[in-house]
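Before any comments, here is the structure.
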Amino acid sequence: MEDQQIATLLTSSAQFTPIPGFKITYGTAGFRANASVLSSTVFCAGILAALRSLKTGKMVGLMITASHNPIDDNGVKIADPSGGMMAQTWEPFADALVGFQSPEELVQLVLEFTKKEKISFGGPKSAVILLGRDTRPSGKSLLECAKRGIASIIGAVAINMGILTTPQLHWMVRCRNKDINASEYDYFKQLSKSFMSLVGLNPLKETTSSKPNSTLLIDAANGVGGEKLHEVKKSLMGIELQVRNSGKEGILNDGVGADFVQKEKVAPQGFGPSDVGMRCVSLDGDADRFVYFRVISTDSNKIDLIDGDKILSLFALFIKAQLNILQKMDDKGAGDQFVTRIGVVQTAYANGASTDYLRQLGLEVAFTPTGVKYLHEKAAEYDIGIYFEANGHGTILFSDTFLSMIEARVNEPMFSSTGSEYERAILRLVAVTQLINQAVGDALSGLLLVEAILQYMGWSIETWSKLYRDLPSRQLKIKVADRTAVITANAETQVVKPFGLQKMIDSETAKYTKGRCFIRPSGTEDVIRVYAEASTQEAVDTLAQSVGQIVGDILG
Ligand code: G16
(Lines of atoms letter the chains of each structure in order from A; the text may use other names.)
(Lines give C-alpha, C1' and ligand atoms only; values in the text may rest on other atoms or scores of the structure.)
Protein backbone atom coordinates (compact mmCIF):
# COMPACT_ATOMS: atom_id res chain seq x y z
CA MET A 1 0.00 0.00 0.00
CA GLU A 2 2.75 2.41 0.98
CA ASP A 3 4.50 1.97 -2.41
CA GLN A 4 1.30 2.76 -4.25
CA GLN A 5 0.73 5.79 -2.02
CA ILE A 6 4.27 7.05 -2.63
CA ALA A 7 3.90 6.65 -6.38
CA THR A 8 0.59 8.58 -6.36
CA LEU A 9 2.09 11.45 -4.34
CA LEU A 10 5.15 11.62 -6.59
CA THR A 11 3.07 11.85 -9.75
CA SER A 12 0.55 14.39 -8.49
CA SER A 13 3.00 16.69 -6.71
CA ALA A 14 5.22 16.88 -9.80
CA GLN A 15 2.50 19.09 -11.32
CA PHE A 16 2.31 21.40 -8.30
CA THR A 17 5.87 22.32 -7.29
CA PRO A 18 5.85 25.78 -5.65
CA ILE A 19 7.14 28.91 -7.38
CA PRO A 20 10.85 29.19 -6.44
CA GLY A 21 11.38 31.64 -3.58
CA PHE A 22 7.67 31.83 -2.69
CA LYS A 23 7.13 31.58 1.08
CA ILE A 24 3.78 31.28 2.82
CA THR A 25 2.68 30.32 6.33
CA TYR A 26 -0.58 29.17 7.94
CA GLY A 27 -1.48 32.58 9.40
CA THR A 28 -4.33 34.02 11.44
CA ALA A 29 -6.88 32.21 9.29
CA GLY A 30 -5.09 29.74 7.03
CA PHE A 31 -2.96 30.41 3.95
CA ARG A 32 -3.63 33.67 2.10
CA ALA A 33 -1.92 35.39 -0.82
CA ASN A 34 -2.53 36.65 -4.34
CA ALA A 35 -4.59 33.92 -6.02
CA SER A 36 -2.14 33.60 -8.93
CA VAL A 37 0.53 31.99 -6.70
CA LEU A 38 -1.68 29.66 -4.67
CA SER A 39 -2.18 26.49 -6.78
CA SER A 40 0.60 24.54 -5.10
CA THR A 41 -0.42 25.74 -1.60
CA VAL A 42 -4.04 24.69 -2.11
CA PHE A 43 -2.95 21.33 -3.54
CA CYS A 44 -0.94 20.76 -0.33
CA ALA A 45 -3.91 21.88 1.76
CA GLY A 46 -5.88 19.07 0.08
CA ILE A 47 -3.27 16.55 1.26
CA LEU A 48 -3.26 18.14 4.71
CA ALA A 49 -7.06 17.91 5.01
CA ALA A 50 -7.05 14.26 3.95
CA LEU A 51 -4.38 13.44 6.55
CA ARG A 52 -6.29 15.35 9.22
CA SER A 53 -9.41 13.34 8.43
CA LEU A 54 -7.44 10.06 8.54
CA LYS A 55 -5.91 11.05 11.88
CA THR A 56 -9.22 11.99 13.53
CA GLY A 57 -11.30 9.32 11.81
CA LYS A 58 -13.87 12.06 11.13
CA MET A 59 -14.96 14.43 8.39
CA VAL A 60 -13.04 17.69 8.04
CA GLY A 61 -13.67 20.80 5.94
CA LEU A 62 -11.61 22.71 3.41
CA MET A 63 -12.70 26.23 2.55
CA ILE A 64 -11.35 28.33 -0.30
CA THR A 65 -11.68 31.97 0.77
CA ALA A 66 -9.69 35.06 1.62
CA SER A 67 -12.57 36.56 3.57
CA HIS A 68 -11.93 40.32 3.96
CA ASN A 69 -8.93 40.49 1.57
CA PRO A 70 -9.13 42.16 -1.86
CA ILE A 71 -10.67 40.26 -4.76
CA ASP A 72 -7.34 39.25 -6.33
CA ASP A 73 -6.30 37.39 -3.18
CA ASN A 74 -7.51 34.00 -2.16
CA GLY A 75 -6.77 31.48 0.54
CA VAL A 76 -7.48 28.12 2.07
CA LYS A 77 -8.21 26.89 5.58
CA ILE A 78 -9.07 23.60 7.18
CA ALA A 79 -11.97 23.04 9.58
CA ASP A 80 -11.49 20.36 12.23
CA PRO A 81 -14.20 17.75 12.97
CA SER A 82 -15.61 20.00 15.74
CA GLY A 83 -16.24 22.67 13.09
CA GLY A 84 -13.52 24.88 14.63
CA MET A 85 -10.17 25.80 13.15
CA MET A 86 -7.56 23.11 12.48
CA ALA A 87 -5.56 22.15 15.61
CA GLN A 88 -2.66 24.57 15.92
CA THR A 89 -0.25 21.69 16.55
CA TRP A 90 -0.58 20.82 12.87
CA GLU A 91 0.41 24.28 11.61
CA PRO A 92 4.19 23.64 11.56
CA PHE A 93 3.63 20.59 9.35
CA ALA A 94 1.30 22.64 7.13
CA ASP A 95 4.03 25.28 6.73
CA ALA A 96 6.68 22.67 5.94
CA LEU A 97 4.46 20.86 3.43
CA VAL A 98 3.64 23.94 1.34
CA GLY A 99 7.36 24.73 1.15
CA PHE A 100 8.30 21.43 -0.53
CA GLN A 101 10.96 21.84 -3.20
CA SER A 102 10.61 18.54 -5.06
CA PRO A 103 8.13 15.63 -5.22
CA GLU A 104 10.65 13.47 -3.34
CA GLU A 105 10.80 16.04 -0.53
CA LEU A 106 7.01 16.16 -0.31
CA VAL A 107 6.84 12.38 -0.01
CA GLN A 108 9.48 12.43 2.69
CA LEU A 109 7.61 15.11 4.65
CA VAL A 110 4.35 13.17 4.43
CA LEU A 111 5.97 9.87 5.44
CA GLU A 112 7.81 11.38 8.41
CA PHE A 113 4.72 13.17 9.63
CA THR A 114 2.34 10.24 9.22
CA LYS A 115 4.81 8.04 11.10
CA LYS A 116 5.04 10.56 13.94
CA GLU A 117 1.25 10.96 14.08
CA LYS A 118 0.65 7.21 13.68
CA ILE A 119 -1.53 7.72 10.61
CA SER A 120 -1.78 4.61 8.48
CA PHE A 121 -2.77 4.50 4.83
CA GLY A 122 -5.28 2.01 3.49
CA GLY A 123 -6.87 1.37 6.93
CA PRO A 124 -10.56 0.56 7.43
CA LYS A 125 -11.56 4.25 7.55
CA SER A 126 -11.10 6.56 4.61
CA ALA A 127 -10.74 10.31 4.73
CA VAL A 128 -13.79 12.47 3.93
CA ILE A 129 -13.42 16.17 3.22
CA LEU A 130 -16.26 18.66 2.71
CA LEU A 131 -15.25 21.39 0.27
CA GLY A 132 -16.60 24.91 0.00
CA ARG A 133 -15.65 28.14 -1.69
CA ASP A 134 -16.84 31.73 -1.72
CA THR A 135 -17.62 33.81 -4.82
CA ARG A 136 -14.05 34.88 -5.73
CA PRO A 137 -13.36 34.35 -9.44
CA SER A 138 -10.23 32.31 -8.64
CA GLY A 139 -12.17 29.96 -6.34
CA LYS A 140 -13.25 27.45 -8.96
CA SER A 141 -9.78 26.60 -10.28
CA LEU A 142 -8.27 26.57 -6.78
CA LEU A 143 -10.95 24.12 -5.67
CA GLU A 144 -9.74 21.79 -8.43
CA CYS A 145 -6.21 22.01 -6.96
CA ALA A 146 -7.60 21.03 -3.56
CA LYS A 147 -9.37 18.05 -5.13
CA ARG A 148 -6.10 16.95 -6.74
CA GLY A 149 -4.38 17.12 -3.35
CA ILE A 150 -7.13 15.08 -1.72
CA ALA A 151 -7.00 12.52 -4.54
CA SER A 152 -3.28 12.08 -3.83
CA ILE A 153 -4.19 10.25 -0.63
CA ILE A 154 -5.54 6.89 -1.71
CA GLY A 155 -9.16 6.34 -0.68
CA ALA A 156 -9.78 9.95 0.39
CA VAL A 157 -13.16 11.30 -0.69
CA ALA A 158 -13.95 14.95 -1.46
CA ILE A 159 -17.55 16.14 -1.28
CA ASN A 160 -18.07 19.48 -2.97
CA MET A 161 -20.72 21.51 -1.11
CA GLY A 162 -20.55 24.36 -3.65
CA ILE A 163 -20.52 28.08 -3.02
CA LEU A 164 -20.97 28.72 0.71
CA THR A 165 -20.21 31.23 3.40
CA THR A 166 -17.24 30.12 5.53
CA PRO A 167 -19.44 29.60 8.63
CA GLN A 168 -21.86 27.43 6.65
CA LEU A 169 -19.05 25.00 5.82
CA HIS A 170 -17.81 24.95 9.43
CA TRP A 171 -21.38 24.31 10.62
CA MET A 172 -21.85 21.45 8.14
CA VAL A 173 -18.65 19.76 9.31
CA ARG A 174 -19.68 20.10 12.95
CA CYS A 175 -23.21 18.77 12.40
CA ARG A 176 -22.28 15.87 10.11
CA ASN A 177 -19.77 14.61 12.63
CA LYS A 178 -22.63 14.51 15.15
CA ASP A 179 -24.86 12.69 12.65
CA ILE A 180 -27.12 15.73 12.33
CA ASN A 181 -28.57 16.57 8.90
CA ALA A 182 -26.55 19.44 7.52
CA SER A 183 -27.50 20.46 4.02
CA GLU A 184 -27.73 24.13 3.13
CA TYR A 185 -31.50 23.78 3.38
CA ASP A 186 -31.10 22.50 6.98
CA TYR A 187 -28.89 25.49 7.79
CA PHE A 188 -31.49 27.99 6.58
CA LYS A 189 -34.27 26.09 8.33
CA GLN A 190 -32.40 26.12 11.63
CA LEU A 191 -31.71 29.87 11.38
CA SER A 192 -35.29 30.83 10.67
CA LYS A 193 -36.85 28.37 13.14
CA SER A 194 -34.68 29.43 16.07
CA PHE A 195 -34.98 33.13 15.24
CA MET A 196 -38.77 32.93 15.05
CA SER A 197 -38.97 30.98 18.29
CA LEU A 198 -36.71 33.48 20.06
CA VAL A 199 -38.77 36.43 18.86
CA GLY A 200 -41.95 34.58 19.78
CA LEU A 201 -40.74 34.42 23.39
CA ASN A 202 -40.29 38.18 23.70
CA PRO A 203 -42.34 39.90 26.39
CA LEU A 204 -45.36 41.66 24.89
CA LYS A 205 -44.77 45.41 24.80
CA GLU A 206 -47.75 47.55 25.81
CA THR A 207 -46.95 50.37 23.42
CA THR A 208 -45.39 50.22 20.01
CA SER A 209 -43.27 53.33 20.65
CA SER A 210 -40.32 51.35 22.01
CA LYS A 211 -40.34 48.79 19.20
CA PRO A 212 -37.24 48.99 17.03
CA ASN A 213 -37.73 49.64 13.33
CA SER A 214 -38.35 46.27 11.66
CA THR A 215 -36.19 47.12 8.62
CA LEU A 216 -32.51 46.26 8.60
CA LEU A 217 -30.27 47.54 5.80
CA ILE A 218 -27.49 45.08 4.97
CA ASP A 219 -24.20 45.72 3.17
CA ALA A 220 -23.19 42.26 1.89
CA ALA A 221 -19.66 43.38 0.79
CA ASN A 222 -20.39 42.18 -2.78
CA GLY A 223 -19.61 38.74 -1.43
CA VAL A 224 -21.25 35.40 -0.84
CA GLY A 225 -23.43 36.66 2.03
CA GLY A 226 -25.71 38.54 -0.39
CA GLU A 227 -27.10 35.52 -2.21
CA LYS A 228 -27.43 33.56 1.04
CA LEU A 229 -29.36 36.39 2.68
CA HIS A 230 -31.90 36.26 -0.13
CA GLU A 231 -32.53 32.64 0.92
CA VAL A 232 -32.72 33.50 4.62
CA LYS A 233 -35.25 36.27 3.90
CA LYS A 234 -37.73 33.85 2.36
CA SER A 235 -38.62 32.18 5.64
CA LEU A 236 -38.45 35.07 8.13
CA MET A 237 -41.33 37.07 9.51
CA GLY A 238 -41.35 40.18 11.68
CA ILE A 239 -38.22 41.60 10.14
CA GLU A 240 -37.44 43.07 6.74
CA LEU A 241 -33.92 42.50 5.44
CA GLN A 242 -32.97 44.93 2.66
CA VAL A 243 -29.76 43.66 1.08
CA ARG A 244 -27.38 45.97 -0.80
CA ASN A 245 -23.96 45.24 -2.33
CA SER A 246 -25.06 41.67 -2.86
CA GLY A 247 -22.59 40.97 -5.66
CA LYS A 248 -23.47 42.78 -8.84
CA GLU A 249 -23.24 46.36 -7.58
CA GLY A 250 -19.45 46.50 -7.29
CA ILE A 251 -16.22 44.74 -6.41
CA LEU A 252 -15.84 42.36 -3.47
CA ASN A 253 -14.64 44.15 -0.31
CA ASP A 254 -13.84 47.30 -2.30
CA GLY A 255 -15.19 50.30 -0.37
CA VAL A 256 -17.75 47.92 1.15
CA GLY A 257 -17.91 45.29 3.86
CA ALA A 258 -17.29 44.95 7.57
CA ASP A 259 -13.52 45.38 7.42
CA PHE A 260 -13.81 48.64 5.46
CA VAL A 261 -16.56 50.04 7.67
CA GLN A 262 -14.83 49.12 10.93
CA LYS A 263 -11.38 50.41 9.91
CA GLU A 264 -12.42 53.55 7.99
CA LYS A 265 -15.47 54.39 10.09
CA VAL A 266 -17.45 55.63 7.09
CA ALA A 267 -20.54 54.31 5.33
CA PRO A 268 -19.87 51.70 2.63
CA GLN A 269 -20.72 52.33 -1.00
CA GLY A 270 -24.44 52.24 -1.63
CA PHE A 271 -25.17 53.83 1.78
CA GLY A 272 -25.23 57.51 2.63
CA PRO A 273 -27.08 60.49 4.02
CA SER A 274 -30.47 59.20 2.82
CA ASP A 275 -30.07 56.31 5.29
CA VAL A 276 -29.94 58.51 8.39
CA GLY A 277 -32.19 56.99 11.04
CA MET A 278 -31.85 53.43 9.70
CA ARG A 279 -30.24 50.44 11.41
CA CYS A 280 -27.48 49.10 9.15
CA VAL A 281 -25.13 46.12 9.26
CA SER A 282 -22.11 45.27 7.19
CA LEU A 283 -20.81 41.74 6.50
CA ASP A 284 -17.39 40.80 5.19
CA GLY A 285 -16.69 38.92 1.94
CA ASP A 286 -17.34 35.39 3.27
CA ALA A 287 -19.92 36.43 5.88
CA ASP A 288 -18.01 35.36 8.98
CA ARG A 289 -17.93 38.86 10.48
CA PHE A 290 -20.39 41.71 10.92
CA VAL A 291 -20.51 45.18 12.42
CA TYR A 292 -23.54 47.47 12.81
CA PHE A 293 -23.57 51.17 12.03
CA ARG A 294 -25.88 54.14 11.58
CA VAL A 295 -25.32 57.04 9.25
CA ILE A 296 -25.31 60.15 11.43
CA SER A 297 -24.96 63.05 9.05
CA THR A 298 -27.24 64.27 6.29
CA ASP A 299 -24.34 65.74 4.34
CA SER A 300 -21.51 63.23 4.73
CA ASN A 301 -20.73 59.52 5.06
CA LYS A 302 -19.97 59.75 8.78
CA ILE A 303 -21.21 56.85 10.83
CA ASP A 304 -21.62 55.76 14.40
CA LEU A 305 -19.91 52.35 14.45
CA ILE A 306 -21.30 49.56 16.62
CA ASP A 307 -18.46 47.08 16.49
CA GLY A 308 -17.77 43.56 17.73
CA ASP A 309 -17.20 44.84 21.28
CA LYS A 310 -20.74 46.25 21.43
CA ILE A 311 -22.19 43.10 19.85
CA LEU A 312 -20.41 41.13 22.57
CA SER A 313 -21.80 43.46 25.24
CA LEU A 314 -25.35 43.07 23.90
CA PHE A 315 -25.08 39.28 23.87
CA ALA A 316 -23.60 39.25 27.37
CA LEU A 317 -26.37 41.50 28.74
CA PHE A 318 -29.08 39.32 27.25
CA ILE A 319 -27.62 36.04 28.49
CA LYS A 320 -27.03 37.51 31.95
CA ALA A 321 -30.62 38.75 32.04
CA GLN A 322 -31.92 35.23 31.31
CA LEU A 323 -29.64 33.65 33.91
CA ASN A 324 -30.77 36.24 36.47
CA ILE A 325 -34.39 35.25 35.88
CA LEU A 326 -33.47 31.59 36.41
CA GLN A 327 -31.42 32.29 39.52
CA LYS A 328 -34.18 34.39 41.09
CA MET A 329 -36.68 31.58 40.61
CA ASP A 330 -34.20 29.00 41.87
CA ASP A 331 -33.80 31.08 45.04
CA LYS A 332 -37.55 30.67 45.59
CA GLY A 333 -37.06 26.93 45.57
CA ALA A 334 -37.83 26.21 41.94
CA GLY A 335 -35.02 23.70 41.64
CA ASP A 336 -31.27 23.30 41.77
CA GLN A 337 -29.16 26.41 41.37
CA PHE A 338 -27.98 27.25 37.89
CA VAL A 339 -24.25 27.38 38.47
CA THR A 340 -22.90 28.98 35.36
CA ARG A 341 -19.46 30.39 34.72
CA ILE A 342 -19.72 33.04 32.00
CA GLY A 343 -16.55 34.35 30.42
CA VAL A 344 -15.99 36.90 27.68
CA VAL A 345 -12.93 36.87 25.47
CA GLN A 346 -11.43 39.86 23.66
CA THR A 347 -8.17 40.84 21.96
CA ALA A 348 -5.94 43.88 22.35
CA TYR A 349 -8.07 45.60 19.67
CA ALA A 350 -11.02 45.72 22.09
CA ASN A 351 -11.84 49.31 22.92
CA GLY A 352 -10.77 50.03 26.51
CA ALA A 353 -14.25 51.39 27.27
CA SER A 354 -15.81 48.05 26.32
CA THR A 355 -13.57 46.10 28.67
CA ASP A 356 -14.40 48.49 31.53
CA TYR A 357 -18.11 48.10 30.77
CA LEU A 358 -17.96 44.29 30.70
CA ARG A 359 -16.07 44.22 33.99
CA GLN A 360 -18.66 46.56 35.54
CA LEU A 361 -21.28 43.98 34.55
CA GLY A 362 -19.35 41.58 36.76
CA LEU A 363 -18.05 39.47 33.90
CA GLU A 364 -14.71 37.72 33.73
CA VAL A 365 -12.79 39.15 30.75
CA ALA A 366 -9.92 37.18 29.18
CA PHE A 367 -7.55 38.29 26.42
CA THR A 368 -5.90 36.29 23.63
CA PRO A 369 -3.88 37.15 20.53
CA THR A 370 -5.79 38.06 17.35
CA GLY A 371 -7.39 35.15 15.53
CA VAL A 372 -10.55 33.22 16.12
CA LYS A 373 -8.53 30.07 16.74
CA TYR A 374 -7.20 31.60 19.98
CA LEU A 375 -10.42 33.24 21.15
CA HIS A 376 -12.51 30.14 20.47
CA GLU A 377 -10.16 27.93 22.46
CA LYS A 378 -10.30 30.27 25.45
CA ALA A 379 -14.09 30.70 25.30
CA ALA A 380 -14.53 26.92 25.35
CA GLU A 381 -13.19 26.93 28.95
CA TYR A 382 -16.43 28.45 30.30
CA ASP A 383 -20.01 27.15 30.69
CA ILE A 384 -20.96 30.06 28.45
CA GLY A 385 -18.07 31.66 26.60
CA ILE A 386 -18.75 34.73 24.49
CA TYR A 387 -15.94 35.88 22.26
CA PHE A 388 -15.69 38.74 19.81
CA GLU A 389 -12.95 40.60 18.05
CA ALA A 390 -13.62 44.31 17.61
CA ASN A 391 -13.74 43.62 13.85
CA GLY A 392 -16.98 41.68 14.30
CA HIS A 393 -15.73 38.11 14.35
CA GLY A 394 -17.19 36.09 17.20
CA THR A 395 -19.84 33.81 18.61
CA ILE A 396 -21.16 32.20 21.80
CA LEU A 397 -20.13 28.75 23.01
CA PHE A 398 -22.17 26.62 25.41
CA SER A 399 -20.56 23.76 27.29
CA ASP A 400 -22.08 20.27 27.20
CA THR A 401 -22.75 20.56 30.94
CA PHE A 402 -24.74 23.74 30.42
CA LEU A 403 -26.66 22.25 27.50
CA SER A 404 -27.61 19.17 29.54
CA MET A 405 -28.67 21.43 32.42
CA ILE A 406 -31.16 23.39 30.30
CA GLU A 407 -32.30 20.28 28.49
CA ALA A 408 -33.06 18.64 31.84
CA ARG A 409 -35.22 21.65 32.81
CA VAL A 410 -37.16 21.50 29.54
CA ASN A 411 -37.80 17.80 30.10
CA GLU A 412 -39.19 18.23 33.62
CA PRO A 413 -42.78 16.88 33.70
CA MET A 414 -44.33 20.18 34.80
CA PHE A 415 -42.47 22.27 32.22
CA SER A 416 -44.82 24.30 30.06
CA SER A 417 -43.63 25.97 26.87
CA THR A 418 -46.28 28.67 27.21
CA GLY A 419 -45.68 29.14 30.90
CA SER A 420 -43.91 31.39 33.34
CA GLU A 421 -41.13 33.90 32.75
CA TYR A 422 -38.80 31.26 34.25
CA GLU A 423 -39.79 28.76 31.56
CA ARG A 424 -39.59 31.38 28.85
CA ALA A 425 -36.07 32.31 29.96
CA ILE A 426 -35.04 28.66 29.61
CA LEU A 427 -36.61 28.47 26.16
CA ARG A 428 -34.86 31.69 25.11
CA LEU A 429 -31.52 30.17 26.05
CA VAL A 430 -32.40 27.00 24.13
CA ALA A 431 -33.25 29.11 21.07
CA VAL A 432 -29.95 31.00 21.35
CA THR A 433 -27.99 27.73 21.41
CA GLN A 434 -29.75 26.77 18.18
CA LEU A 435 -29.54 30.12 16.45
CA ILE A 436 -25.90 30.96 17.11
CA ASN A 437 -23.26 29.08 15.10
CA GLN A 438 -21.12 27.37 17.73
CA ALA A 439 -18.55 26.24 15.17
CA VAL A 440 -17.29 29.72 14.31
CA GLY A 441 -18.37 33.38 14.02
CA ASP A 442 -21.25 33.66 11.56
CA ALA A 443 -22.59 37.01 10.33
CA LEU A 444 -26.00 35.60 9.30
CA SER A 445 -26.83 33.87 12.56
CA GLY A 446 -25.12 36.64 14.57
CA LEU A 447 -27.16 39.44 13.05
CA LEU A 448 -30.39 37.52 13.58
CA LEU A 449 -29.49 37.14 17.25
CA VAL A 450 -28.81 40.88 17.50
CA GLU A 451 -32.17 41.61 15.88
CA ALA A 452 -34.02 39.28 18.23
CA ILE A 453 -32.31 40.81 21.28
CA LEU A 454 -33.02 44.40 20.18
CA GLN A 455 -36.68 43.40 19.84
CA TYR A 456 -36.58 41.78 23.31
CA MET A 457 -35.06 44.89 24.86
CA GLY A 458 -37.24 47.22 22.79
CA TRP A 459 -34.06 49.10 21.88
CA SER A 460 -33.23 51.27 18.92
CA ILE A 461 -29.70 51.19 17.50
CA GLU A 462 -29.02 54.52 19.27
CA THR A 463 -29.93 53.05 22.65
CA TRP A 464 -27.63 50.11 21.99
CA SER A 465 -24.83 52.39 20.85
CA LYS A 466 -25.09 54.38 24.09
CA LEU A 467 -24.32 51.36 26.31
CA TYR A 468 -20.90 52.97 26.76
CA ARG A 469 -18.85 55.54 24.91
CA ASP A 470 -15.92 54.19 22.87
CA LEU A 471 -12.56 55.81 23.44
CA PRO A 472 -11.43 57.43 20.17
CA SER A 473 -9.28 54.92 18.25
CA ARG A 474 -7.41 54.64 14.95
CA GLN A 475 -6.00 51.73 12.96
CA LEU A 476 -3.35 51.98 10.26
CA LYS A 477 -1.66 49.50 7.92
CA ILE A 478 2.04 50.02 7.23
CA LYS A 479 3.78 48.27 4.33
CA VAL A 480 7.24 47.09 5.32
CA ALA A 481 9.98 45.02 3.69
CA ASP A 482 9.47 42.00 5.96
CA ARG A 483 6.58 41.89 8.40
CA THR A 484 7.92 38.72 10.05
CA ALA A 485 10.71 40.89 11.54
CA VAL A 486 8.18 41.97 14.20
CA ILE A 487 7.67 39.54 17.07
CA THR A 488 5.21 40.32 19.85
CA ALA A 489 4.31 39.00 23.29
CA ASN A 490 1.61 39.50 25.97
CA ALA A 491 -1.40 38.99 23.68
CA GLU A 492 0.37 41.11 21.03
CA THR A 493 0.61 44.23 23.20
CA GLN A 494 4.45 44.29 23.43
CA VAL A 495 7.04 44.18 20.66
CA VAL A 496 9.90 41.85 21.55
CA LYS A 497 11.75 42.21 18.25
CA PRO A 498 13.19 44.44 16.79
CA PHE A 499 14.77 45.30 20.08
CA GLY A 500 14.16 48.92 21.18
CA LEU A 501 11.02 49.43 19.08
CA GLN A 502 8.65 48.92 22.03
CA LYS A 503 10.49 51.62 24.00
CA MET A 504 9.94 54.07 21.18
CA ILE A 505 6.23 53.19 21.00
CA ASP A 506 5.93 53.59 24.78
CA SER A 507 7.55 57.00 24.89
CA GLU A 508 5.31 58.23 22.04
CA THR A 509 2.19 56.82 23.74
CA ALA A 510 3.09 58.42 27.09
CA LYS A 511 2.55 61.87 25.53
CA TYR A 512 -1.22 61.30 25.28
CA THR A 513 -3.96 61.24 27.91
CA LYS A 514 -5.46 57.72 28.02
CA GLY A 515 -2.96 56.77 25.32
CA ARG A 516 -2.63 53.11 24.33
CA CYS A 517 -0.89 51.83 21.24
CA PHE A 518 0.42 48.53 19.91
CA ILE A 519 1.66 47.12 16.62
CA ARG A 520 1.57 43.57 15.22
CA PRO A 521 2.23 41.83 11.93
CA SER A 522 -1.02 40.90 10.16
CA GLY A 523 -1.56 37.20 9.61
CA THR A 524 -3.75 37.73 6.56
CA GLU A 525 -2.21 40.71 4.71
CA ASP A 526 1.35 41.74 3.98
CA VAL A 527 1.34 44.68 6.44
CA ILE A 528 2.08 45.75 10.01
CA ARG A 529 -1.05 46.89 11.80
CA VAL A 530 -0.97 49.87 14.18
CA TYR A 531 -3.75 50.34 16.74
CA ALA A 532 -4.03 53.42 18.95
CA GLU A 533 -6.46 54.84 21.51
CA ALA A 534 -6.46 58.23 23.25
CA SER A 535 -8.86 60.71 24.79
CA THR A 536 -9.62 62.66 21.58
CA GLN A 537 -9.81 61.70 17.90
CA GLU A 538 -7.26 64.35 17.01
CA ALA A 539 -4.80 63.01 19.56
CA VAL A 540 -5.25 59.39 18.55
CA ASP A 541 -4.80 60.20 14.86
CA THR A 542 -1.48 61.89 15.67
CA LEU A 543 -0.38 59.03 17.93
CA ALA A 544 -1.15 56.38 15.26
CA GLN A 545 0.60 58.46 12.58
CA SER A 546 3.75 58.95 14.63
CA VAL A 547 3.97 55.27 15.62
CA GLY A 548 3.33 54.34 11.97
CA GLN A 549 6.20 56.62 11.01
CA ILE A 550 8.52 54.93 13.54
CA VAL A 551 7.54 51.49 12.18
CA GLY A 552 8.19 52.63 8.61
CA ASP A 553 11.57 54.14 9.53
CA ILE A 554 12.77 51.05 11.40
CA LEU A 555 11.40 48.33 9.14
CA GLY A 556 11.80 50.08 5.81
C1 G16 B 1 -9.30 36.74 9.94
C2 G16 B 1 -9.36 36.03 11.27
C3 G16 B 1 -9.70 37.02 12.34
C4 G16 B 1 -8.71 38.18 12.32
C5 G16 B 1 -8.62 38.80 10.92
C6 G16 B 1 -7.52 39.81 10.79
O7 G16 B 1 -10.55 37.27 9.63
O8 G16 B 1 -10.34 35.02 11.20
O9 G16 B 1 -9.66 36.35 13.57
O10 G16 B 1 -9.09 39.17 13.21
O11 G16 B 1 -8.35 37.77 9.98
O12 G16 B 1 -6.30 39.18 11.06
P13 G16 B 1 -4.91 39.92 10.88
O14 G16 B 1 -5.00 41.17 11.67
O15 G16 B 1 -3.92 38.93 11.41
O16 G16 B 1 -4.75 40.21 9.42
P17 G16 B 1 -11.17 37.06 8.18
O18 G16 B 1 -12.53 37.63 8.30
O19 G16 B 1 -10.29 37.77 7.22
O20 G16 B 1 -11.15 35.57 8.01
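Using N, Cα and C of the backbone, Cβ positions are placed for all residues, glycine too.
Keep in mind that this is a model prediction, so the values were computed, not measured.
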Additional site residue, SER67, SER82, SER102, SER473 [criterion: listed by TrEMBL with ASP284, ASP286, ASP288 for Mg(2+)]: SER67
Inter-residue C-alpha distance, ASP286 (Mg(2+) binding site) and GLY523 (substrate binding site) (nearest angstrom): 17
Separation of alpha carbons, GLY523 (substrate binding site) and SER67 (Mg(2+) binding site) (Å): 13
Listed binding-site residues with Cβ under 6 Å from ligand 1, out of SER67, ASP286, ASP288, GLY523: SER67, ASP288, GLY523
Nearest of the binding-site residues (GLU389, ASN391, ARG529) to ASP284 (Mg(2+) binding site) - Cα to Cα: ASN391
Same chain, 6+ residues apart, C-beta under 8 Å of the C-beta of GLU389 (substrate binding site), given in sequence order: ARG289, GLY308, GLN346, THR347, TYR349, ALA350, THR370, VAL372, LEU375
Segment confidence, the domain 'Alpha-D-phosphohexomutase C-terminal' (477-546), expressed as mean pLDDT: 94
